[in-house]
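Participant: Pulled from Swiss-Prot, these are the listed features:
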type: ACT_SITE; residues: GLU138; note: active site, proton donor/acceptor
type: BINDING; residues: ARG110, SER111, SER112, LEU113, ALA114, ARG115, ASP128, VAL136, LEU137, GLU138, TYR171, LYS178, GLN182; note: dCTP binding site
type: REGION; residues: 171-193; note: region 'Disordered'
Amino acid sequence: MRLTDIEIEQALDNGTIVIEPRPNNDAISGVSVDVRLGGQFRVFKDHTAPFIDLSGPSGEVQAALDRVMSEIIEIPDGEAFFLHPGELALAVTYESVTLPADIVGWLDGRSSLARLGLMVHVTAHRIDPGWQGKIVLEFYNSGKLPLALRPRMTIGALNFERLSGPVARPYNKRKNAKYKDQQDAVASRISQD
């Protein structure tokens, strides 16, 4: 069952769910808690690889990814990152989130931003039980105008679902967890599959 605002506040109070920095009560609504945009972004460099063979040998996949991904771009508070129509960029939440082994989280973009063409997560919106770290956002601008994104703006909302029991393989205990403890806009690690 999804946690209510009262249950979210209780989970934050007793440390079952940890969100740092802790959101104020205004950020918690019926079944969700708002998250804000961090200041780190990555973009795809144009035409630096003809294609990426997602099922190719891992070394070739990684080499192609290294060619197409930018280094981390730091945007200071008060400045803006511009996402142009048709562009995909990676970003990171301002908050770090820690979940126990019996709660799964879900990230939703804001309807107000979607109505302007901004997709906050292209497909990856599940936050696994045992997750610990910041959440990477996969932004896509499907609108007609560039969008100015500023650090610490409200970018989405997390909601939480209690499972029938703890999972046997929480994310932070898995040896093959590619994004464990991520703190910045980590690029795809598909070559590690």
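The backbone N, Cα and C atoms fix where each Cβ goes, glycine too.
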Participant: Please list, in sequence order, the residues in the chain of ALA114 (dCTP binding site) that are at least six apart in sequence and whose C-beta is under 8 Å away from its C-beta.
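Facilitator: The answer is VAL120.
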Participant: Where the distance is taken from Cα to Cα, which of the binding-site residues ARG110, SER112, ASP128, TYR171 turns out closest to the residue listed as 'active site, proton donor/acceptor'?
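Facilitator: Considering only the listed binding-site residues, the nearest one is ARG110.
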Participant: What three-state secondary structure does DSSP assign to ARG110 (dCTP binding site)?
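Facilitator: Where ARG110 (dCTP binding site) sits, the three-state DSSP reduction gives coil.
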Participant: Within the chain of ASP128 (dCTP binding site), which residues six or more apart in sequence place their C-beta under 8 angstroms from its C-beta?
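Facilitator: Looking at Cβ-Cβ distances below 8 Å from ASP128 (dCTP binding site), excluding near sequence neighbours, one finds LEU99, VAL104, PRO170, TYR171.
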Participant: What number of additional C-beta atoms lies within 10 angstroms of the C-beta atom of ARG110 (dCTP binding site)?
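Facilitator: For ARG110 (dCTP binding site), the count of other Cβ atoms within 10 Å is 16.
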Participant: Would you pick out, from the recorded positions SER112, LEU137, GLU138, TYR171, the residue whose Cβ has the largest number of other Cβ atoms within 10 Å?
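Facilitator: Within the set of recorded positions, the most crowded position is LEU137.
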